[in-house]
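See structure below.
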Amino acid sequence: MSSWFVFENFDILMETPQVFAERIRVARNHIQKRKQSSDYLNMNDFDIIPLFPLNFWIYNSTTTPTNFNLEDELSNLLLSDLVANTTLQNLTCTHSIVHDSRVIERMHGVMDFTPKQLSWSFQFMNLTFNPSYNYTFLYRVLQKYQTDYSTLNGNVTLSTSQIDTLLWPSSCHYCLTTGCTAENWRYNDSLDFVIFCLGFVFYTCLFVTRAFKSPVIYRKYGIVFVGPVLIMGTYLSMVNAFNNTCLELGVMFTVYLAMLLNTIYLFTILRYFYLRSLYEIVKRVKYPRFFKFLASDTIGFVVTLILPIPLCLIFVTPVAVIFPNYESIPYNTAINITIALSCGLSCIAGVVFVSYEMVKNRKAILKFGFLRFLIFEDPFYFRVDLISMAVVLILLILLAVIFLIEPKSL
C-alpha cells in the first residue's frame, strides 16, 4: 500500500489523490475560484507518481521459507485494497472527489513502482538496509485482478486520454450547499462571522433602546447607521463561500465596501471640523449665507453619504482594469495596499485632527484635564470617535492575528 503524491511542472504539490482531485474539480467547475477560463487546471500539466509510501509489507523468505499462508493473506489484502480503490460503482455526484481521485490514481500505480523509487522511500524514512525486490508477489495479484475484476473495474493503469474521458463533468459537483458554503467553511471564517454577529447586536441595541433618536447618534448618521452595515458586508464578503458564489466580483466588492466605509468616515471628519470652524469663517467672509448653506443637513447628507459612492468606484475600477488576472500576486498586493491605505488614511486623519485640537486647547487641558476636553467640551463626542477609530483598527488586527493561529485540535 502506498501514499500518492503529485508534482506540478513549476510549483510542487505533494498531496493525496483526494486533495489533488478536489483542486482539479474546484478549478474546473462552475465556481471557477476567480480563475479565467483559460487558466483552468489541465490534467496534461501534471505527472502523478507514487512517492514515499507510508506502509510496507515485507516478506522475509529466509526466516519463514514455508509460510505460504502469510503470502496468501497478503495477496488477498492487496487484492481487496486494489479492488476497493479502483471500483467506480455506486458513486453519485456527492462522491465526485472520491471518483476522480480513484481515476487519477490509476495514471501511475503501485504496479509501476520501481526499485529506484523504493530506495528513495527507504532513504526518506532513514532505513539503512537494502532488501532485494521480488515482483512475483505483485504480478500474481495483478494477474488475479485482471482475471476477476478488470471487466468490471477496468485496467489498473490508465493513460492520460482514458483518464480525461473518465473524469466526471463540472456539473456533477460534490457540494451539497449553494456556493459550497458548508464544504468551503474554514476556521478563519469564524472571525468574519463574529464581526457580523457583533453588527447585528449593535443594531438591535440601537433600535430597541431608541438611542438613534439622541442628537449624539443622529449627528453621525453616516458612521452610525451605514458604517456597521459596510463593516458586516466587508467581512462577510471575505468568507470563502461568498467569494465562490460571486466569483471575482467578491474581491472587488470587499475592496469597495472597505473604501466606502473609510471615505464616509473621512468626509464626516472634514464636515465636523468645518462645522466647528463655521463661526470663524462666517465672520471673515463677505457672503456668509453660502457657507451657512454648506453647513446644512442636506449638504451634509450628500457629502458624507452620496458623494463617496461614485468616488470609491472611480478609485476601485482601475485596480480591476490594471490587474485582470485575479490569481496574480500584483492584483492581491494592490487590493491589500488599497484597503490598508484607505483604513490608514482615516485613522491618521482622526489622530491628526484630535492632536491639532489638543495643541489648540492645551491650556484648557492643563487647567481642567484631558477628560473634560474629550467629553464636556464636545457634547457630541466626535473627539472620542476620532480616537476610537484607531483603537478599533488595532483591536481588529490583533483579533485577526489570534484567529489566524488555528488550534491544532481543529
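Count begins at 1; order follows the chain as displayed.
Each Cβ is built from the backbone N, Cα and C atoms, and glycine gets one as well.
The feature transmembrane segment is assigned by TrEMBL to 190-209 (among others).
Sequence annotations record features per position, and here TrEMBL assigns transmembrane segment to 221-241 (among others).
Positions annotated as transmembrane segment by TrEMBL: 253-274 (among others). Distant neighbours of the transmembrane segment (253-274): 220, 222-223, 226-227, 230-231, 233-234, 237-238, 246, 294-295, 300, 303-305, 307-309, 311-313, 315-316, 319, 335, 338-339, 342-343, 345-346, 349-350, 353, 382, 386, 389; these residues of the same chain sit at least 6 beyond its ends, with a Cβ under 8 Å from one of its Cβ atoms.
The feature transmembrane segment is assigned by TrEMBL to 294-323 (among others). Outside the transmembrane segment (294-323), and at least 6 residues removed from its termini, the chain residues within Cβ reach (under 8 Å) are 221-222, 226, 252, 255-256, 259-260, 263-264, 267-268, 271, 274-275, 278, 330-331, 334-335, 338.
Residues or ranges marked as transmembrane segment by TrEMBL: 335-359 (among others). Beyond the transmembrane segment (335-359), the same-chain residues lying 6 or more positions past its ends with a Cβ under 8 Å from any Cβ of the stretch are 251, 254-255, 258-259, 262-263, 265-266, 269, 273, 315-316, 319, 365, 373, 383, 385-387, 389-390, 393.
TrEMBL lists 380-405 (among others) with the feature transmembrane segment.
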